Amino acid sequence: MSQNIENHLIEDREFLPSEEFRSKARISSMEQYNEMYKESIEQPDVFWAREANELQWSKPWDEVLDWQPPNAKWFVGGELNVAENCVDRHVAAGRGDKAAIIWEGEPGDKLTLSYKQLQDEVCKMANVLESRGVEKGQRVLIYMPMIPEASIAMLACARIGAIHSVVFGGFSAESILDRLEDCKAEAVITADGGWRRGSIVPLKASVDAALEKYAGVKTCVVVKRTENEIDMVAGRDVWWHEMAAVASNEHEAKSFDSETPLFILYTSGSTGKPKGILHSSGGYLTGAYTTCKYIFDMREEDVYWCTADVGWITGHSYITYGPLAMGATQLMYEGAPNFPDFGRFWQMIEAYKVSIFYTAPTAIRAFIKAGDAFPEANDLSSLRLLGTVGEPINPEAWMWYYNKIGGGRCPIVDTWWQTETGAIMIAPLPGCTPIKPGTCTQPFFGVEAVILDEEGEEVGANEGGRLMIRKPWPSMLRGIYGDPQRFQETYWNDFEGIYTVGDGARRDEKGNFWIVGRLDDVLNVSGHRLGTAEVESALVAHPTVAEAAVVGRPHEIKGQAVVAFVTLKQGIEATAELEKELRNHVGQVIGAIAKPDEVYCTPVLPKTRSGKIMRRLLKELVATGEVTGNVTTLEDFTVIEDLQKKIKS
Ligand code: PRX
């Protein structure tokens, strides 16, 4: 962490957009940004009413914001239909033939859906869900590969007022079960499978395993994607293509109150149980739309590509809702970035003439390692804007992205935000903000980001502290599903009415934000949040494990690697096979992304005299191979010496 800060302090490369880019951008000078930012902070009602009014409302709101910390209501009394805004609105405006989603499957199959075709599909799915008894307010779990039906399923839920909860296709059956139970879902939308690195991910089989232990689901709609053999449970499971063949493509959308819950998305926290982050309709859509408009500066002729999965918030806001609310054309890709090799993305950028490309630092680092020959083999001149998200980007990766992919001509928007914030919070505006490798630069409109010390005082320039947000913003989370107390405790207890982000950061003398990383026990593995407590509880659920401590170690590609220390139950012998089994066990309980890179079996864990595991020491140990920090509270130093030997061997 301290090394990161030092790197940042000496970073003096700064880049400005070209005159050509600047002159066409919606916001083309810092004066314009500053003026709009000032208005957004001093008169949020005026600013956000103007933005939200670009969407389609069937009933105007009475009040822009009702803020009773920690509860915010945006566009109070207003009514809209989110799906209509993302689809029908564009068809009605005569843009029905415009491509909404250009999709490519991993095996190379292709499909383009125009806005009119998307409308037909969303209406059919809405009709199917309603015919199966799904109603407003019910929870629908979506577990899908990256195929257009994933967005169609989300929009169909939005259209009928059902609350979707998308679970990333890499999560396990147990993770599905946890989420089904937590949100008490009544329907599931899934597929027989999806393609990943040339193999079929058996999605339906995982859903079946979860549904064996959860009886609340009355209907499961299954999209045929891979044609692998699956079980269909009579009465409960239906094929989407069979239902779609007879479903009407007309569906009258009802309007819903602006605060109608739109979705629940689970994310890791510092306890064992993921939190169901709840987002609502009007404010969320306004946030997703406005950030697409200003930060990606999306244009009618752009081909936009976000490489995230819809199972993460990036896929919600910047695949399904934001770009479609803008009426943009976007590319969607099913598979792995390195299938059949690391040239896949660059071939697709050339083939589809992608102009805006949004990906994660971890992917960029993997591409760097794979070698320049891959991007050099393709014509990337269609690109005009690049983006990153998910973790701090190291300056070397930034420079490579800027020069090798962007040809030195495309601004990079390093976008800082979270599942909870719903939309981008800190990022450059590509037509005006001076960009530098490693900083997400300036707050977006309406975002009053501050860095506070332990007492809640603002720290000076370049001093590290906690990143906090002072004012409510439209796309902010509305709660943790079913747990108002945890909502209050996690986000609002540090300082009255101020949102606790959970990241450490500093702000330089020019006002740029530099994110250092999480301050809690949450790891960032390949841009995805993973709670150490979650992995620990998976480990102790194994019959051989007595105790577990999980820490992160810096990792060249993934950002952080997961390292687990376990003590075994009496009489159990530590073997290489057992360590392997424990890794796989975590993969089975949570999903492959949570698999520890290393598992160390140890007779004891380093503890304080009062019995608390000293994770700080373990973290230092795995990062540097030794422990230099304060160990005076450690009960028995020989534990560390033994572990040191083990790690070095
Ligand atoms: O630590 C920050 C990091 O990712 C966390 C949010 O994770 P999640 O909710 O999974 O959302 C990821 C995609 C929005 C943050 O608390 N993070 C996200 N973007 C950046 C970042 N850290 C530095 N720079 C970023 N651009």
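Here the Cβ of each residue, glycine as well, is placed from N, Cα and C on the backbone.
A TrEMBL annotation is a machine prediction, not a hand-curated record.
TrEMBL names GLY390, GLU391, PRO392, ASP414, THR415, TRP416, TRP417, GLN418, THR419, ARG518, ARG529 as ATP ligands; from the candidate set ASP372, ASP379, ASP503, the record adds ASP503 to that same site. The Cβ of SER526 (CoA binding site) lies under 8 Å from the Cβ of ALA360, THR362, GLY390, ILE557, LYS558, GLY559, ILE593, each of these being in the same chain and 6 or more residues away along the sequence. Neighbour density at the Cβ, taken as the number of other Cβ atoms within 10 Å, is lowest among the binding-site residues VAL540, VAL545 for VAL540. Of the candidate recorded positions, PRO392, TRP417, ARG518, HIS542, LYS612, the one lying closest to SER199 (CoA binding site) when CA atoms are compared is HIS542. Separating the Cα atoms of VAL545 (Mg(2+) binding site) and PRO392 (ATP binding site) is a whole-number distance of 34 Å. A separation of roughly 30 Å, to the nearest angstrom, links the Cα atoms of THR419 (ATP binding site) and HIS542 (Mg(2+) binding site). Under the DSSP three-state reduction, PRO392 (ATP binding site) is assigned to coil, being neither helix nor strand.
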